[in-house]
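Participant: My questions all concern the structure below.
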Amino acid sequence: MELGPPGGSGPAEPGPRLRGLRGADAAASASSLSRFGAEAGCRASAVAAVLPAGGSGERMGVPTPKQFCPILERPLISYTLQALERVSWIKDIIVAVTRENMETMKGIIQRYQHKRISLVEAGVTRHRSIFNGLKALAEDQPNCRLSKPEVVIIHDAVRPFVEEDVLLKVVTAAQEHGASGAIRPLVSTVISPSADSCLDHSLERARYRASEMPQAFLFDVIYDAYQQCSDYDLEFGTECLHLALKYSHIKAKLVEGSPDLWKVTYKRDLYAAESIIKERISQKVCVVMDTKEDEEHVGHCLEEMLKTELNHVKVTSGQDLQQIILEQCYNFVCVNVMTSDFEETQRLLNMVEESNLSILYPVVVISVHFLDYESVPLGQKMEKVMQIREFAKEAKKRNILLSGLLIYFPQEEQKLRESLRQGTTIISALIKERNSGLIGQLLVA
């Protein structure tokens, strides 16, 4: 068994832990853990998770196994690990990967600072991979470094959007019933064809459900079931709940899951997952400005217009910027009124870099300059273009997407608001699209 980096808890959703959980994430995690202990009588070290990640991704039609396909330049499996890591009461996460991908997986753990991860070699089938993961937690195995949990969660490496409340429901149900799994209503009607490819009969859709992940089991229930499995089950079986029923005689409690439990299976699913992630990290933007009268006025006008495009906009003079970064804001607009330098933007970049905010998600920084075009010489504009390009090249190495925006600053209020509306459209597009091809560009509104 290969061990990932030692240490405490990992990233909170959606960003990295800087000094443990903070704010709403901390409260939510503490609340869930408290409920977990109260409702299920669970010890703090009683839950582990197993992720089979040895698939080849044949249905996706790409050479890279789907769990390692990049979304916003980060492997898909890293998002799934993050979703489990943010749950403080999951103490160990076992990932089963093929021997040829073992070093790749170690690199992912190190680069994205994942914690509580242990690696085992995957089997040739999904069930054999899960069995190998369970063996890493079993007390009867030689050289076992981990404690046997009371409950084990089995999840798919390519379901990145699992939420803590679903995990809590299946674990609590497993403690009471021995086994539990998430289900969803069927989307399409299931039919049975005859031997000559004609309709034989159809199932009444309302009576059936699709089995999803995560699933949870008392460890002894599922481990004993796998120990009794036939080779046929290990080679061709797909449903863990069925193994618990067949070999341990445990009827699983079925828990209604949320719509975001879907599995990345086809190439189009990668695009859908990317859109969801972009949407989640694009809804909060911080507008950084000076306390000068002109700048405050422009900043608050910009705030007013950005709120029509984005859910949460906060304006700050920079004094509480560190706290905003800790609250995991991934979008910053640095306002510069009647100035052509990048000093304020450079200070902001330094703070973002020092915070490690950009380890998991690309951070968008837009340096906005309000200038009277007639009073700024052309040579100064070109100098600005070259300057932001150099800043952007260095920032991109740390996953920060820096762009510049020139907005006309007329004296008339109506014309200023028109300029701001045009600028807001560009800012919103840069934040939502997160197109790395536009870094270092100086756009004009």
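Glycine residues also receive a Cβ, built from the backbone N, Cα and C atoms like all the rest.
What you are looking at is a predicted structure, and each value in this text was computed from that prediction instead of being measured.
Not my notes, these are from Swiss-Prot:
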type	residues	note
REGION	1-24	region 'Disordered'
COMPBIAS	1-10	compositional bias 'Gly residues'
COMPBIAS	11-24	compositional bias 'Low complexity'
SITE	ARG59	site 'Transition state stabilizer'
SITE	LYS66	site 'Transition state stabilizer'
SITE	ARG205	site 'Positions substrate for the nucleophilic attack'
SITE	LYS263	site 'Positions substrate for the nucleophilic attack'
Participant: Work out how many Å separate LYS263 (site 'Positions substrate for the nucleophilic attack') and ARG205 (site 'Positions substrate for the nucleophilic attack') at their Cα atoms, rounded off.
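Facilitator: A Cα-Cα distance of 21 Å.
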Participant: Across all the protein chains here, work out how many other Cβ atoms are within 10 Å of the Cβ of LYS66 (site 'Transition state stabilizer').
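Facilitator: Within a 10 Å radius of the Cβ of LYS66 (site 'Transition state stabilizer') lie 26 other Cβ atoms.
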Participant: Name, in the order they occur in the sequence, the residues of the same chain whose CB lies under 8 A from the CB of ARG205 (site 'Positions substrate for the nucleophilic attack') and which sit 6 or more residues away.
Facilitator: PRO185, LEU186, SER188, THR189, VAL190
Participant: Over all shown protein chains, what is the count of other CB atoms within 10 A of the CB belonging to LYS263 (site 'Positions substrate for the nucleophilic attack')?
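Facilitator: I count 14 other Cβ atoms within 10 Å of it.
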Participant: What three-state secondary structure does DSSP assign to LYS263 (site 'Positions substrate for the nucleophilic attack')?
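Facilitator: DSSP call for LYS263 (site 'Positions substrate for the nucleophilic attack'): coil, neither helix nor strand.
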